[in-house]
Amino acid sequence: MNAVTDLKQDYLVADISLAGWGRKEIAIAETEMPGLMAIRDEFAAAQPLKGARIAGSLHMTIQTAVLIETLKALGADVRWASCNIFSTQDHAAAAIAAGGTPVFAFKGESLKEYWDFTHRIFDWVDGGTPNMILDDGGDATLLLHLGAKAEKDASLIANPGSEEETFLFAAIKEKLAKDPSWYSRNLAAIRGVTEETTTGVHRLYQMAQKGDLKFPAINVNDSVTKSKFDNLYGCRESLVDGIKRATDVMIAGKIAIVAGYGDVGKGSAQALRALSAQVWVTEIDPICALQAAMEGYRVVTMDYAAEHGDIFVTCTGNYHVITHDHMARMKDQAIVCNIGHFDNEIDIASIEKYEWDEIKPQVDHVKFPDGKKIIILAKGRLVNLGCATGHPSYVMSSSFANQTIAQIELWQERDSGKYPVGVYTLPKHLDEKVARLQLRKLNAQLTELTEQQAAYIGVKKEGPYKADHYRY
């Protein structure tokens, strides 16, 4: 699909005429997002984000549209791009653009377009800069930090090590040629970032450890009501949705290999087992491996599993978990996909030399020299968003309620000294607040402690109920 832009408008989407359809789905999603909508209702009058200019880099879906409109309802000015080339829902992007929010996203972007769009979320039409980032995977944060370094040392962007870096480095060089101080100027204006996902959080901690991070960050991913719900229950529903839409395969009876048994892997394994697959798990961490074994999954290595599996799902956040040699040994018609954030969990670059036959968008047959074919979904990128529509609205409500609270927290405390440069998590009482708001939709009835019971276990009657180190 060719992207369409109206030069009189500050947006770029696939088809603005899809806005009506998108608006109808947004209205439905709002009814399934109780936590986020309650936050909107609670804070709308106070306008706690007034003055915030948020550069957003997160999957441009229907659920994200509800997040964007919540941020705006609380006073923020917002510009948006997707954090994945395949994850945009074009009708969602159209609805947001039609509503007056600058959005630069369409399904099936090239990598050149992706990095161009990520730059555009920092270019306010009045010539100003954003002062907050809402990130998913850390690309927006990375862009400013790397670009600012490259202003002083061009060698940092001289030798790309991957296709992704080739386009990223080229985009930075192009921007520097036009405006040599663009990155440092934008970087200096940012008061904080809230990060959505595990991969982006890893990047933040690495940057902080090296002393490279230039502004405070809130790790939204490790809020319990994000990681233990979005990552687990969201993947439990959206993984199989993506595989089914892409292939129409019967999962029952198949051997399914789940690489990684963190929260995403746990949800993925549950989903595949629920449809009667034989689920095998690969793990490096003995604790996670023991958890998998105690749940009845067979724990194996990828070297062993490669020639046995029918469906392969990577969820590790690591690099080359499935290699060329693994794929060369797979069965004919094996299905290979990823539900981790980046596309390098599967070594796609190593098989690009072979014949690719597109069955339909984001579904490819790759023919090996011996004539065997395997099915690659979403070119190794997020299968649930590339081949389906991602997590359900209800579970995203928890994640995005946390995002909104984190944006409010950083913006309100920007001058207080509460958050010097570093990586932080939201306090337990806010986690519990999000859970309470979500429970309303399910007609759940919480038991209340008596004063005596609260005193007996040493907590306040209204919570928080667990210590920060508690593992849910």
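Glycine too: its Cβ is placed from the backbone N, Cα and C atoms.
As recorded in Swiss-Prot:
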BINDING   Thr61, Asp136, Glu196, Lys226, Asp230  substrate binding site
BINDING   197-199, Asn231, 260-265, Glu283, Asn318, 339-341, Asn384  NAD(+) binding site
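Within 10 Å of the Cα of Thr199 (NAD(+) binding site), not one of the binding-site residues from the list Thr61, Lys226, Asp230 places its own Cα. The Cβ neighbour count for Asp230 (substrate binding site), using a 10 Å radius over every protein chain in view, is 26. Val264 (NAD(+) binding site) and Lys226 (substrate binding site) have their C-alpha atoms 12 Å apart, to the nearest angstrom.
By a simple count of nearby Cβ atoms, those within 10 Å, the most crowded of the binding-site residues Lys226, His341 is Lys226. DSSP classifies Val264 (NAD(+) binding site) as helix under the three-state reduction. Sequence-distant neighbours of Ile339 (NAD(+) binding site): residues of the same chain at least 6 apart with a C-beta under 8 Å from its C-beta are Cys235, Leu239, Gly242, Val264, Ser268, Val313, Thr314, Cys315, Leu382, Val383, Asn384. Considering only the binding-site residues Gly260, Gly262, Glu283, His341, the residue whose Cα is spatially closest to the Cα of Glu196 (substrate binding site) is His341.
Cβ contacts within 10 Å of Thr197 (NAD(+) binding site), excluding its own Cβ and spanning all protein chains shown: 27.
Put simply, of the binding-site residues Thr197, Gly260, Gly262, the one whose Cα is nearest the Cα of Asp230 (substrate binding site) is Thr197.
In sequence order, the binding-site residues near Gly262 (NAD(+) binding site) (Cα within 10 Å of its Cα) amount to none of Thr61, Asp136, Lys226.
In sequence order, the binding-site residues near Lys226 (substrate binding site) (Cα within 10 Å of its Cα) are Thr197, drawn from Thr197, Gly260, Glu283, His341. Under the DSSP three-state reduction, Asp230 (substrate binding site) is assigned to helix. In this structure the alpha carbons, written CA, of His341 (NAD(+) binding site) and Asp136 (substrate binding site) are 9 Å apart. If you take the C-beta of Gly260 (NAD(+) binding site) and look for same-chain residues 6 or more apart in sequence within under 8 angstroms, you find Thr282, Glu283, Cys288, Thr314, Cys315, Thr316, Gly317, Asn318, Val321, Gly340.
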